Structures are given as structure tokens and as C-alpha cells.
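Per Swiss-Prot, the feature region 'Disordered' maps to 1-23. As annotated by Swiss-Prot, domain 'Tyrosine-protein phosphatase' applies to 34-188, with the evidence given as sequence analysis. Per Swiss-Prot, the feature region 'WPD loop important for active site topology' maps to 90-102. According to Swiss-Prot, the feature 1D-myo-inositol hexakisphosphate binding site maps to Asn101, Ile102, an assignment based on similarity to another entry. Per Swiss-Prot, active site, phosphocysteine intermediate is recorded for Cys126. Annotation comment: Swiss-Prot describes Arg132 as site 'Transition state stabilizer', evidence class similarity to another entry.
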Amino acid sequence: MTLESYAGDVHTVPQSENSMEERGGGELFVPPLNFAMVDNGIFRSGFPEPVSFSFLQSLRLKSIIYLCPEAYPEVNREFAKSNGIQVFQFGIERCKEPFVNIPDEVIREALQVLLDTENHPVLIHCKSGKHRTGCLVGCVRKIQRWCLSSIFDEYQRFAAAKARISDQRFMELFDISNLKHTPLSFSCSKRYTNTIDY
């Protein structure tokens, strides 16, 4: 089985036994843990291991948003450098405590990078691709005017049994009023609107 993602929806697709083996030049394409497409040019995942580098190359990434405070491993830095990928690090501490707040200002800085289409295609990741990544994606969804129940559903699809009330509260209370409200050029609704002739 493999997972295909379309704007946050995860679908299971049956595969033949050999379908993960050779693609094109005989390389193995293995997506990182919790990989999904958020929107056109925006992807999310857990920490990319070297086995996923060929897959990531196929995305032709321009940028990576890394949401952990730990130094980026040398092998990942070399991969980014050799592929012309700029890495933006926003160190958000891993937190399991229920009343510890996610740093609002760090999420805002990460959003500025994420919303700049010059940085697309971009991969957002933390260690597991659940909590920190889920909060940043949830804030993007608020900007895209998703309702809270849909934002929480998407968050819970990735966090599963480890969903945190504190993360959901952060997304609910995150104030988007002072963010630049230009149409998001990567959003599906804008893309379809531009193709209609009146």
C-alpha cells in the first residue's frame, strides 16, 4: 500500500509488489514519515532520512522549513546544499506539557517564509511531522479560511492518538488579523478561479 495526498487528504492506494522498487532510473522513491501535500508547492513530513532523499529530489524543493531546535544533521545539510535547497530553521522545543505555549512569534516568522511563493516548493518538517508541523499547517489553514473543525480533523489525521489539546487551542486562538491578506497564489481555489473565462 502507498499513500497519496491531495491538499491534506491522505488516501491509501493498492500497489503491486514491485511498484516501490524501480522508478525511472532505477532509484527507490520512499517518502518521509507522515509525508503529504498541503497545497500546491507546500509539503509536510516527519524528519527526512537519507532513504527519502531521492523522493525529495523529485519534488524539486527550493526550501525546507525545519521546526526543531536541534542542529540539522550533516547528511541533511549536504543534501540540501547539493540540491540548492535553502533551509530555514525555526527552533520550537518539543513539548508534551499540556499548558506550555507554542511560541506565537516563531510561528509567525515561519509563516512569513512559508507564504512567500519565492520559497516554493517547500517542505515543512519536525521530528515526526505531527505536532509542530501540524500547528504551522493549521495556521496556514486559518489564513485559507478553513473552519476550525476541518483544521482539527487534518491535525488529528497526522497526530492520531497523540493529538494535543494545547496544539488545538493554539490553532484556535492564533490571530491572523495582522498577517498580510493577499490571495494565496498556491491555493486551489485561486488556481481554479483563474482558469474560468467569463
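Glycine is no exception: its Cβ is also placed from the backbone N, Cα and C atoms.
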_According to DSSP, does Arg132 (site 'Transition state stabilizer') sit in a helix, a strand, or coil?_
helix
_Euclidean distance between Cα atoms of Cys126 (active site, phosphocysteine intermediate) and Arg132 (site 'Transition state stabilizer'), Å_ = 6
*recorded positions: Ile102, Cys126 - member with fewest neighbouring CB atoms within 10 Å*: Ile102
*Measure the Cβ-based neighbour count of Arg132 (site 'Transition state stabilizer'), defined as the other Cβ atoms within 10 Å of its Cβ.*
27
*Please give the average pLDDT for the domain 'Tyrosine-protein phosphatase' (34-188) in this predicted model.*
87
*What is the separation, in Å, between the Cα atoms of Ile102 (1D-myo-inositol hexakisphosphate binding site) and Cys126 (active site, phosphocysteine intermediate)?*
14
